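Working notes, structure below.
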């Protein structure tokens, strides 16, 4: 097992989209109220006193939609300034990015992932539940102009919706130094659609792209599990995240912290979670919290390998937006 050095921090469970694979309109969700969410100071305390001493020094801010969190740029500035923090990145749906990209960059953020599931505005509306393609595309352009590098676009491939666009989405990397990542559809968030539509193996997508453009090994900076390739001569790269077809538990280097303070060692397994918010608010010393997290790190390999649920059975109590993706 690799060293766990990467934490995904969900800042908010709310979102201004209703993506079919995450938070569909028909989902019955109860939003967290502000007092239930970790405050900026609580997040910084956990990072400074619990995670950094354990060697976890790379952080990704997620949601929900993190750009909905008030004062996000102040949290980013404080997080980036903590001694020992090696990397801070953010994942967003891009809707508010045109207005906020410059502020985020000035706060110290350099790496950003944007969900972008279709080049077709109507298909985009069907997937996200909102008619906001143009605003997101504009946000991508602004983020590129501001200087985010690498700029990554996340594509969840859903049969019958955007599967036919894979080659066109891959072509975005030909003249742009972008990283387009194709993510296998998972059952978390919308099990009914997963059962109905299924998912497409990354290898099938690679074969299609290889047939049209060719494909060679590539590299992009980051901390994720993507297998990286490049179209020969392209400025950008392609990534494939194959959590359904190609188990990468043996190279998992991450944990997830929900916006209400639950630390989760594995995306596909709900066992082993620990609550950090309540003991932190109760004044429990940081050393005791570190020990809890240390013990969770010790058992993470067993949770990854022995408790992994591929979605073929069981159910998930939390949606992707509540977990933090």
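Here the Cβ of each residue, glycine as well, is placed from N, Cα and C on the backbone.
Fair warning: this is a prediction, and the values are worked out from it, not measured in the lab.
According to Swiss-Prot, the features are:
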BINDING   15, 19, 22  [4Fe-4S] cluster 1 binding site
BINDING   21, 64, 115, 186  S-adenosyl-L-methionine binding site
COMPBIAS  310-325  compositional bias 'Polar residues'
DOMAIN    1-226  domain 'Radical SAM core'
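Structural mapping of features recorded in Swiss-Prot.
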residue : record                               : Cβ within 10 Å
15      : [4Fe-4S] cluster 1 binding site      : 25
19      : [4Fe-4S] cluster 1 binding site      : 21
21      : S-adenosyl-L-methionine binding site : 25
22      : [4Fe-4S] cluster 1 binding site      : 27
64      : S-adenosyl-L-methionine binding site : 28
115     : S-adenosyl-L-methionine binding site : 23
186     : S-adenosyl-L-methionine binding site : 22
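Here the Cα atom of residue 19 ([4Fe-4S] cluster 1 binding site) is found 13 Å from that of residue 186 (S-adenosyl-L-methionine binding site).
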